[in-house]
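*Asks:* Feature list, courtesy of TrEMBL:
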DOMAIN    41-294  domain 'G-protein coupled receptors family 1 profile'
TRANSMEM  23-48  transmembrane segment
TRANSMEM  60-93  transmembrane segment
TRANSMEM  105-123  transmembrane segment
TRANSMEM  144-164  transmembrane segment
TRANSMEM  199-223  transmembrane segment
TRANSMEM  244-267  transmembrane segment
TRANSMEM  273-296  transmembrane segment
C-alpha cells in the first residue's frame, strides 16, 4: 500500500478570494474573459505562424514555443479556477490529491518551459544583433526544432519528481491550500511527515529557473555592449527596438513569480488575499499579455492578423 493511501486527507481544498465570497460570480466574469482572450490570442499566434510561410523563421518559431507554453499554463489552471469562481456559494473547492499533483506537474512544467523559451529568445536576439550576417546560418529551422525538443524534455524531467515526492508524503489534518490551484510548495507544506526531500528539490528547481533569469540578464548586457558599439544612433535604436517585446515578456513573467516567491519566503504576516491575487496574476498575466505585446510590437504579426481579420469581415 502506498504511503498516500494511509493518509487521513482525501481532498485538498482550493481557496477563492477570502472575504469576497459574495462577489465570486462577478469576479468570475473578468477571469473567464481573460482566459478566453489568452487562449484565443495564443491560438491566433500559432495559426498565423503556421499558415504564413514568410514567418517560418527562428524568431517566430520561438514565439510559437512561447505561445504553446502560455496555452499550457492557461489550460492547466483553467479547470480549478472556473470551478471555484462559478460555484460561488462556497469559499473553497475540493480536489483529489492525485488531480492536485497532476495539476502542479503541468503548471510547474509549463512554467519551466516558458522560462527556458525566454532564455533562448534572449540568445536569439543577441545573435541577431551581434552577428546578423551569420544569424540565418547559425539558427536554421532544424536547429530551432531540436532546441524546442530539448527545452520540452528539460522541462518535463525537471518537474517530473514533483508528483512522486508529494505522493510519498503523509497528509493528516491540514488540507486547505492557499491558492486557486495546486503548487508544489503550497502542497508540501500541508504534509505532517518529513518533507525535507521536497524542500531540497523544490529549491533546486527554483534555482534552475532563476539561473535562466541570470543568463537572460547576461544576454542583455552583451546586447547592450554590442548596441553601444554601433556608430549610428538610428541603428542603435532600431536594434534595441527589436528587443522591446521580449523585455516586456520577461518582466511580465518574472516579476509576479519572483514576488510570489519572496512573499512565501519572507512574508511573515502576509495577507491571504494579496498572495492569491499575485498567484493568479502569475498564471493569468503572461498568457494574456504576451500575444497582445507581440501583436502590437511586431509589424509582421500585426499585419497578418489584421489582414486575416479584415478579409474575413469583407466576406
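Glycine residues also receive a Cβ, built from the backbone N, Cα and C atoms like all the rest.
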*Asks:* At a C-beta cut-off of under 8 Å, are there same-chain residues at least 6 beyond the transmembrane segment (273-296) that contact it? List them, or none.
*Replies:* 15-20, 31, 34-35, 37-39, 41-42, 44-45, 63, 66-67, 70-71, 73-74, 77, 81, 107, 114, 178-181, 183, 245, 248-249, 252-253, 256-257, 259-260, 263-264, 267, 302, 305
*Asks:* Over the domain 'G-protein coupled receptors family 1 profile' (41-294), what is the model's mean pLDDT?
*Replies:* 87
*Asks:* Looking only at residues six or more beyond either end of the transmembrane segment (199-223), which have a C-beta under 8 A from one in the stretch?
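*Replies:* For the transmembrane segment (199-223), the sequence-distant neighbours (Cβ-Cβ under 8 Å, at least 6 residues beyond its ends) are 108, 111-112, 115-116, 118-119, 122-123, 125-126, 129-130, 158-159, 161-162, 165, 184-185, 188, 239, 243, 247, 250, 254, 257, 261.
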